[in-house]
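A short write-up of the structure that comes next.
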Amino acid sequence: MEAVPPLYRVAGTAGPQGDEDRLGVPDGPGAPLDELVGAYPNYNEEEEERRYYRRKRLGVLKNVLAASAGGMLTYGVYLGLLQMQLILHYDETYREVKYGNMGLPDIDSKMLMGINVTPIAALLYTPVLIRFFGTKWMMFLAVGIYALFVSTNYWERYYTLVPSAVALGMAIVPLWASMGNYITRMAQKYYEYSHYKERDEQGPQQRPPRGSHAPYLLVFQTIFYSFFHLSFACAQLPMIYFLNHYLYDLNHTLYNVQSCGTDSQGILLGFNKTVLRTLPRSGNLIVVESVLMAVAFLAMLLVLGLCGAAYRPTEEIDLRSVGWGNIFQLPFKHVRDFRLRHLVPFFIYSGFEVLFACTGLGLGYGVCSVGLERLAYLLVAYSLGASASSILGLLGLWLPRQVPLVGGAGVHLLLTLGLFFWAPAPRVLRHIWILYVAAVLWGVGSALNKTGLSTLLGILYEDKERQDFIFTIYHWWQAVAIFVVYLGSSLPMKAKLAVLLLTLVAATASYLWMEQKLRRGVVPRQPRIPRPQHKVRGYRYLEENSDESDAEGVHGGSSGGGLGDCVEEEAPPAGPRPGPEPAGLCRRPCPYKQALGGDGPEEE
C-alpha cells in the first residue's frame, strides 16, 4: 500500500520540485533571510505612488458626486412636499373634510414664517456649528433636519409642523454654507493629489500658487449646480404622477381671475378656493409621503456613507482651536473686505431671482394664465434649462471670470424688461410657448449666476481658514433676500419687477467696480485669523507618547516614558525665574508644529 503524501508541506523540508520554489528562491533551513522578508523584487515606488494618488483623486470625485446628489435629493424632496402640502391645504373642501376647524391656513402661515424668518439669525450660529461638528457632519445633520420636516407631515398638527419648520429654517444656511465650503475644499484637495510631485518638491508647509485650484473648482461647481437645479424637476414628480389627477382644469380655477403678468397684484388674486375635483385618499397620501421620506433617508445615507471628510483631523483641530469667540466674531469682521461689500448686492439678487422663478414667473405669469395643472411642466422647463446651462460655467476656463456672471445678469435683464411689459390673458393657451421659453432662459441666467458666484468666492478666498465664513455670509444674504420676498408677496407685479431690475443693475455695477479695484491693485483688508491655541490635555494624541498618563509625562523621564530618548535635565530651582525659560535639549515640539510636520519652537 502506497504512502499518502501529506496534505501540507512540512516547514523547512524540500518540496517535490527540489530545494527551490517557483521563484527560484532556495527553500529549507538554508534559505537566505533577505530573500524571504526583503522588499518585493519587482516593486516600483513611483508607480505605486501614482496609483495611490489616482485612487485619492477618484475618491474626491466620488465625494463631489455624492454631495451633489445628496443636495439635489434633499432640496427636491423639500420643495415637492411643500408644494403639494400648500396646494392641498389651499383647497377649502380638503380643509373642511380632513381637518375641520383645526385652522390649517393659520398653521401654514406660521410654518412659512418659521422657514423664512428663522434664517435671519443664522449668521450668529452657522460658523460655530460648522467648526464644532465639521463640514461633513454639518451637512449630514442639516439633511437629517430636512428629513425630520418630511416625517412630520404624517401627522399634520400645529405642534408637529411649526416646530419642524423652525428647525428647518435654522438648518437652511448651515446646509448650503457647508455644501459650498465642501465643494471648494474638494477642488483644493484634487489639485494637491494631481500635483503631488510639485508639492513634494516645494515642501508640505509651502502653499500652492494662488488660483491654482481654480480650473478644478470651476468643474466641480458646474457638477454641483447641474445636480442642484435638477432638484426643481425632481420636486415636480409628486405633482405630475399624483396630484395633477385630482386638479380642476383652468376654466374652473381661473374663472374669477381678471389680470395676469405685469398687471397682477399679490399672488393669484381671484383664484378659485376649490382646486381639487376629488379628494385624494389618505392611503395614497401616506404612500407618496413614504416615498419622499425614503428619498430623504437616501440623501442622508449618501452624505454619511459616500462623502469623505473635508479636512484632515489635524486641520479640524486647528480650525476649532482659534477660539469660539473668534469664530463667532469673524463673519462680522469680514465686512471690512471691500470685495465682500461689493458682492452683497449680487448675493441679494441671487436670492431674489430663485424665488421669482417659482412665485413670480411660475405663479404670476404661468398659473395665472394657463392653470395650476401646468405649473409642474413650467418648473421642469426651468430646471432642465438651468441644469443644462450650468455647463456654460465652464466658459470661465477660457474667458475672463466676469463673462459668465455678467452674461447671466444680461440674460435676466432682458427677460425682466420683457416681462415688465407683458400681461398674458387668463385662460388662453396660445402663448404657452412664450412661458416655456421664458422659463428656460431664466434657468440659463440662474445657472450662470449661481455657478459664477460660488466659483468667484472660492477663487477670491482660497484660504481654508476663511471659506466657511465666506459661504455663510453668502447664503445668509440669500436668506435675507428670501425673507424680503416673503414680506413683499402682496406687492403688485410691477413693483416686484422694478425691485428685481434695480437690484440686478446695482449688483452688476458693484461687481464690475470690484473687478476694477482689483485690477488697479487695491489690496483688500482681511481680518487676521488667530493662531490655533492647542490645549495639550485635550489633544494628547499629538504628543510623541499618547499612552502616557499626566503623571508619567512629568515624572517618568527616568523610566523611559514621557521624555523618551532625551537627555535628563536637573530640576529647576524653586522660586521665580528672572527670565524666559531656556530651550533645553529635551524641549518637545509644540502640538501645532507637530500637526503640521514641523519640530521647532512655536514662534516662526
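Each residue, glycine too, has its Cβ placed from N, Cα and C.
If you look up TrEMBL, you'll see 554-564 marked as compositional bias 'Gly residues'.
According to TrEMBL, the region 'Disordered' annotation covers 545-604.
Taken from TrEMBL, the feature transmembrane segment covers 60-81 (among others).
Per TrEMBL, transmembrane segment is recorded for 111-130 (among others).
Within its own chain, the transmembrane segment (137-155) has Cβ neighbours under 8 Å at 67, 70, 74, 77-78, 81, 85, 129-130, 161, 164-165, 167-168, 170-172, 174-175, 178-179, 182, 286, 289, 292-293, 296-297, 299-300, 303-304, 307, counting only residues six or more beyond its boundaries. The transmembrane segment annotation in TrEMBL covers 137-155 (among others).
Marked as transmembrane segment by TrEMBL: 161-183 (among others). Residues 63-64, 67, 71, 74, 78, 107, 110-112, 114-119, 121-123, 125-126, 129-130, 135-136, 138-139, 141-143, 145-146, 148-149, 151-153, 217, 220-221, 224, 307, 310, 454, 457-458, 467-468, 471-472, 474-476, 478-479 of the same chain sit 6 or more residues outside the transmembrane segment (161-183) yet have a Cβ under 8 Å from a Cβ within it.
According to TrEMBL, the transmembrane segment annotation covers 216-243 (among others).
The transmembrane segment annotation in TrEMBL covers 285-311 (among others).
If you look at the transmembrane segment (343-363), the same-chain residues 6 or more away from its ends with a CB under 8 A from one of its CBs are 232, 267-268, 375, 378-379, 382, 405, 412, 419, 435, 438-439, 442-443, 445-446, 449-450, 453, 456-457, 473-474, 477-482, 484-485, 489, 493, 496-497, 499-500, 503-504, 506-508, 510-511, 514. Annotation comment: TrEMBL describes 343-363 (among others) as transmembrane segment.
If you look up TrEMBL, you'll see 375-398 (among others) marked as transmembrane segment. Sequence-distant neighbours of the transmembrane segment (375-398) (same chain, 6+ residues past either end, Cβ-Cβ under 8 Å): 215, 218-219, 221-222, 225-227, 229-233, 235-236, 239-240, 244, 357-358, 361-363, 366-367, 404, 407, 435-436, 439-444, 446-448, 450-452, 455.
The transmembrane segment feature in TrEMBL is assigned to 405-425 (among others).
If you look up TrEMBL, you'll see 431-448 (among others) marked as transmembrane segment.
Outside the transmembrane segment (469-489) by six or more residues, the chain places 112-113, 116-117, 119-120, 122-123, 126-127, 130, 172-173, 176-178, 180-181, 184, 266-267, 330-331, 334, 340, 343-344, 347-352, 354-356, 359, 453-454, 457, 461, 495-496, 499 with a CB less than 8 A from a CB of the stretch. Here TrEMBL flags 469-489 (among others) as transmembrane segment.
When Cβ-Cβ distances below 8 Å are used as the criterion, the transmembrane segment (495-514) is approached by residues 262, 338-339, 342-346, 348-349, 352-353, 356, 360, 402, 405-406, 409, 412-413, 416-417, 419-420, 488 of the same chain, each at least six residues removed from its ends. Sequence annotations record features per position, and here TrEMBL assigns transmembrane segment to 495-514 (among others).
Contact check: the transmembrane segment (216-243) against the transmembrane segment (405-425) gives fewer than three Cβ pairs closer than 8 Å, residues 6 or more apart, which falls short of the contact criterion.
Sequence-distant neighbours of the transmembrane segment (405-425) (same chain, 6+ residues past either end, Cβ-Cβ under 8 Å): 259-264, 346, 353, 361, 365, 368-369, 392, 431, 434-435, 438, 441-442, 444-449, 452-453, 456, 494, 497-498, 500-501, 504-505, 507-508, 511-512. Pairs of Cβ atoms less than 8 Å apart link the transmembrane segment (285-311) most often to 60-81, out of 60-81, 111-130, 431-448. Sequence-distant contacts of the transmembrane segment (60-81) (same chain, six or more residues past either end, CB-CB distance under 8 Å): 139, 143, 146, 149-150, 153, 168, 175, 179, 182-183, 186, 189-190, 193, 220, 223-224, 226-228, 230-239, 289, 292, 295-296, 298-300, 302-303, 305-308. Non-local neighbours of the transmembrane segment (431-448) in the same chain are 225, 229, 353-354, 357, 361-362, 365-366, 369-370, 374, 377-379, 381-390, 392-393, 404-405, 407-409, 411-412, 415, 418-419, 422, 424-425; each lies 6+ residues outside the stretch with a CB under 8 Å from one of its CB atoms.
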